[in-house]
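K.L.:
Just dropping this structure here.
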């Protein structure tokens, strides 16, 4: 039964925002699973041939993980007003443990649906939400613990492996698949691509070491995994505020984020029309969407933290769960007894959610209602398969405050809540700092693994120094690469505007690319199977002066091309054996190639003579003067 509403009248949405895009020299391909509707996307980067004196030698295509959804598929028509295809709808329906509700369960959701003042903002193609049948649990963890491999788990296995095992027997990939041994620091990574099986995924989900955030009402989702024994993922933030940003901008920013590689998106909206903004984003997002429900609950009180109630928060959880939010940041570890521990901090409590709950606790002199009602929250989560992202409301806001009693006290409470959530078979990840100098990062990872039982860690950086406003994507990227290697499963990006203002599209791009670098560096360090393939391909292209391949194999082809063309814009420069840094006379790679070519061109007799002289020199004790 569908609910209809007038389409949004934003001019940019009416013109479809033109969100389709194509990556250079790339094709969109799909891996098919055990059933035809398990179609896992990947991007294949095509390479040009290597020119040699003997002719052209072809270079093979390079498969890469793809987060862009249908937006980069030339065969799919995108209509933002209709939303994306419901990839998971059939899987969910076949399981037979959910039911379509006759209407919305949330009081606030019903009010918004019937409010004529918001009709022009509303997403038009809404369907009634699903919920677990009475007594049922529909979480991926519940299925995994029952020994069931879901289509979502099979999808993840194919997505993580990229079917790289098929390349190992092909001679054209032999050199490209060489990889330095990693140091997984105790993690149980698969050793080879063929080890990334649906059963491996099931075991990781069942143990709680990984999650598949996949609300049953987010059928447009392309399933992915967050866990220490998978590829390191990154999250991008968006959201309107009371100061700036519009609904259309946020939809555009979501598509822009996944274009550059965001694995998940958090909608942190705090301004007008939070409900409508989230609906548009969800219906058009192929990646998991997370929120901080306390932000919207606070908005319902007019911004007065003391007026928050459990009933109001509960209604907000149900409202967002029925829209399809995949994971909730919930600051249930901010306990009354921890708040005084922040009094001597340099920057106090910097988490918005943490400060809201701290203020509520102090105003009422009661324990955090998110903590006291945690079991009831779990009942909601497992009815829709919403994952917990247990918030670090007492994270340090500067390196001076790192690793203090407030931070680690809350972390231990998050471990207690993790165990409680797992009794309900609810999926959990743990949020982490923040601002931590390099020498104190390892302690954060050790504490999380010990007290939170290896639940996936999800960190904001951390920023390793506080002296670089405007460059905090770099200060945090350094920490992110390190903690990613140590075991963090997902890295929350930081943009250059951190601490300064709301990021625009270019800031988002800069933050995502920075964090893609950090995540990939962590994968290399851990020894993720096949992680070095793209590095090797780009290095080979660089040595052979295949400029277009260098651009296209990079994380940001547009930026690389523009930097090259700033000094050598002519098309002929794209095949030149030098760049503007060294010029044609001093290029080390060009000189090395000339030396190789010279050695290869010498007659066999000359080579043999040089080898004989070399042996003679060694027999004489390698002395220059005798």
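Note that Cβ sites are derived from N, Cα and C of the backbone, with glycine treated the same way.
The substrate binding site feature in Swiss-Prot is assigned to 237, 266, 295, 331, 351, 352, 353, 392, 393, 394, 395, 431, 458. Sequence annotations record features per position, and here Swiss-Prot assigns Zn(2+) binding site to 435, 499 based on sequence analysis. Per Swiss-Prot, [4Fe-4S] cluster binding site is recorded for 579, 582, 587, and the stated evidence type is sequence analysis.
Where in this structure would I find these features, and how exposed are they?
P.N.:
Neighbour density for residue 351 (substrate binding site): within 10 A of its CB lie 23 other CB atoms from the protein chains shown.
Residues near residue 435 (Zn(2+) binding site) in space but far in sequence (CB under 8 A, at least 6 apart, same chain), listed by position: 395, 396, 397, 398, 399, 401, 402, 461, 462, 463, 466. When secondary structure is read from DSSP and collapsed to three states, residue 435 (Zn(2+) binding site) falls in the strand class.
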K.L.:
Please identify which of 353, 393 has the densest Cβ environment, defined as other Cβ atoms within 10 Å, among these binding-site residues.
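P.N.:
The largest 10 Å Cβ neighbour count belongs to 393.
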K.L.:
Count the other Cβ atoms sitting within 10 Å of the Cβ of residue 237 (substrate binding site), across every protein chain shown.
P.N.:
22
K.L.:
Sort out for me which one of 395, 499 has the most neighbouring CB atoms within 10 A, since those are the binding-site residues we care about.
P.N.:
395
K.L.:
Helix, strand or coil by DSSP: which one applies to residue 395 (substrate binding site)?
P.N.:
coil
K.L.:
Taking the Cβ of residue 295 (substrate binding site) as centre, how many other Cβ atoms lie within 10 Å?
P.N.:
19
K.L.:
If you pair up every Cα among 237, 266, 295, 331, 351, 352, 353, 392, 393, 394, 395, 431, 458, the residues annotated as binding substrate, what's the maximum separation in angstrom, rounded to an integer?
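P.N.:
Largest pairwise Cα separation, rounded: 20 Å.
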